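Heads up: the structure comes next, in structure tokens.
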Amino acid sequence: MKIPEEEFLAPGHRGCAGCGATVGVRLALKVLGKNTVAVSSTGCLEVITTPYPETAWEIPWIHVAFENAAAVASGVERALRARGRGEVNVVAFAGDGGTADIGLQSLSGAMERGHNIIYICYDNEAYMNTGIQRSASTPYGASTTTSPHGKESFGEDRPKKNMPLIMAAHGVPYVATASISYPEDFMEKVRKARDIEGPAYIHLHQPCTTGWGFDPSKTVELGRLAVETGSWILYEIEDGDFRVTYRPVQRKPVEEYLNAQKRFRHLTEEQKAKIQEYVDSVCQELRI
């Protein structure tokens with residue numbers, strides 16, 4: 001795939017060095033192009049790209065509350081359709097907190113109503129903007145400020161909420177997982193989401209140097225390691241048909257992924273083995 005050179009998210013924003021969210025937005029907008037309206041919930045992306053009166057967005061962009069990105073996007077889509085502008089792409093960007101927790105109700109409603117929108121969850125696996133608090137998307141064992149490791153807790157003790165399958169259960173015509181570290185896979189999924197009639201949901205895994213604890217130069221490497229260990233699986237569900245879009249030639253031990261991040265360094269060998277066992281069971285089910 002030839003990646004277009006034109007940018008719709010300008011440089012000079014205030015993202016952390018190594019920020020994965022901005023990489024994802026840049027790639028998505030290269031596919032969607034100028035004829036696009038973006039909606040962003042409160043979160044990292046909004047804070048770093050639009051400190052008043054500045055903006056990094058080169059397309060129409062709307063900032064909304066933490067919980068209603070999908071609701072506003074659905075309203076924008078209906079308004080454009082009423083004005084005879086149904087060809088305009090409407091995309092919502094929200095973090096895992098604004099998707100799996102606070103915004104789940106409005107997202108569910110928008111998907112169920114069948115609005116022709118694309119919803120992209122940029123998942124850094126915690127509320128990074130407000131201080132690295134755990135979310136429903138925080139993986140088992142990770143240490144956050146609200147699920148810390150210590151005498152009374154070893155870190156997050158709940159499994160990661162499976163948002164893609166929840167969206168698939170709504171009958172959404174196109175659901176996919178993606179990673180910023182596999183740009184061609186992600187961009188092809190954005191293209192499919194754009195071209196399909198009806199709602200589309202993409203769950204984008206994006207390493208966070210600040211919240212995960214790794215060198216900013218390792219963002220892409222960490223994203224690849226998540227996929228190569230089976231900790232994050234790339235797939236799509238198109239009209240109910242499930243398909244894995246990338247299979248590692250030989251899966252690496254999950255320990256390589258865990259050891260590369262500060263948020264997992266407290267885990268014992270026994271706890272790491274438990275996580276490996278879980279990953280193995282999921283991968284075996286999907287024949288990865």
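Even glycines carry a Cβ here, placed using N, Cα and C.
Feature annotation from Swiss-Prot assigns [4Fe-4S] cluster binding site to CYS16, CYS19, CYS44, CYS208. Residues annotated as compositional bias 'Polar residues' in Swiss-Prot: 137-148. Under the heading compositional bias 'Basic and acidic residues', Swiss-Prot lists 149-159. Taken from Swiss-Prot, the feature region 'Disordered' covers 137-159.
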Packing count at CYS44 ([4Fe-4S] cluster binding site) (other Cβ atoms within 10 Å of its Cβ): 27
Number of other Cβ atoms within 10 Å of the Cβ of CYS19 ([4Fe-4S] cluster binding site) across all protein chains: 26
Other residues, Cβ within 8 Å of CYS16, CYS19, CYS44, CYS208 Cβ centroid ([4Fe-4S] cluster site): GLY15, GLY18, GLY20, ALA21, THR22, ILE48, ASN124, MET128, THR209, THR210, GLY211
For CYS44 ([4Fe-4S] cluster binding site): DSSP state (helix, strand, coil): helix
Secondary structure at CYS19 ([4Fe-4S] cluster binding site), reduced by DSSP to three states: coil
Fewest other C-beta atoms within 10 angstroms, as judged across CYS16, CYS208, which are the binding-site residues: CYS16
Secondary structure at CYS208 ([4Fe-4S] cluster binding site), reduced by DSSP to three states: coil
